[in-house]
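K.L.:
Dumping what TrEMBL says about this protein:
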- 57-81: compositional bias 'Low complexity' (COMPBIAS)
- 82-94: compositional bias 'Basic and acidic residues' (COMPBIAS)
- 100-126: compositional bias 'Basic and acidic residues' (COMPBIAS)
- 142-151: compositional bias 'Basic and acidic residues' (COMPBIAS)
- 243-257: compositional bias 'Basic residues' (COMPBIAS)
- 53-161: region 'Disordered' (REGION)
- 227-257: region 'Disordered' (REGION)
Amino acid sequence: MPRVLQMLSSARAGRPCVLRFQEEEKQGEDVAVMDYSDVSDFWFDWEKLERAEAQARSRSAPPRRSQPASWQASRQEAQEAQAREAVRREREAKAAQAREAWEAAKEAEAKREAAKAEERKGKEIEEASVDAGPRRKRRSRRESGRGRELTDSSESEELTQAESFLAYLERKPPMRPRCDVGSAWDFPLAKSEKRELLLQHIAHGEQMAEEHATEAAAELVRARREERRSRQSFESAKAALTRMRKKGRRRSLGPFT
């Protein structure tokens, strides 16, 4: 099987790549096999490769459904579409009801505010005709009443805001995650780009393996050289010891040897 690194380098150099992914064993007739015998069809020509894959898939596709089965499938699809339409209509009806309730509450609140304003105006006219003492007391009551009215109006505004937000939540479509966590190829890449990334990953692994093999061979040569050097130094030390022994023996025997 050819090396992916060689194939990538030959493809980038622009030379026609004769190396192919060959089948190691023949498969059965029922399994769809792509024919890679055409040398002009380069492995890096993604369009031709995808066309060949599509042809192989169409060859290995299951037979078409019979007519009753297709009718049943189309009927089921129509029923599902009707169910989806009914759900959508129900959601729209709920949203319309919530909107109408919110508008009615808003109108009622406006009417209450107008009635309170009229009542307030009448009280002010009535207080203007009274002397300073009782008027001062009534003013304090009126101020406390105004504070109560302000708190009531703020609470009603919060309620209407919550109702409108609920209506918005019912109107908007359900949120779905953009990608499933844990899927390796969820990033929006084309098939050719995924294949190119995979081949680059394999080529990087092959390059690392080659570098490790080169380092191991260099380490072995270094170890053998060191062993030879140590053996030579050991032999030279041994020869020096024998020479010294012989010289010492001659000296101990004297000049008559």
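For all residues, glycine too, the Cβ spot is worked out from N, Cα and C.
Predicted automatically and left uncurated, TrEMBL annotations should be read as such.
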K.L.:
Would you mind splitting the compositional bias 'Basic and acidic residues' (82-94) into helix, strand and coil residue counts from DSSP?
P.N.:
13 helix, 0 strand, 0 coil
K.L.:
In the same chain, which residue numbers or ranges, 6 or more beyond the ends of the region 'Disordered' (227-257), come under 8 angstroms Cβ to Cβ?
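P.N.:
Here no positions qualify.
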K.L.:
Would you mind splitting the region 'Disordered' (227-257) into helix, strand and coil residue counts from DSSP?
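P.N.:
Split by secondary structure, the region 'Disordered' (227-257) comes out as 27 helix, 0 strand, 4 coil.
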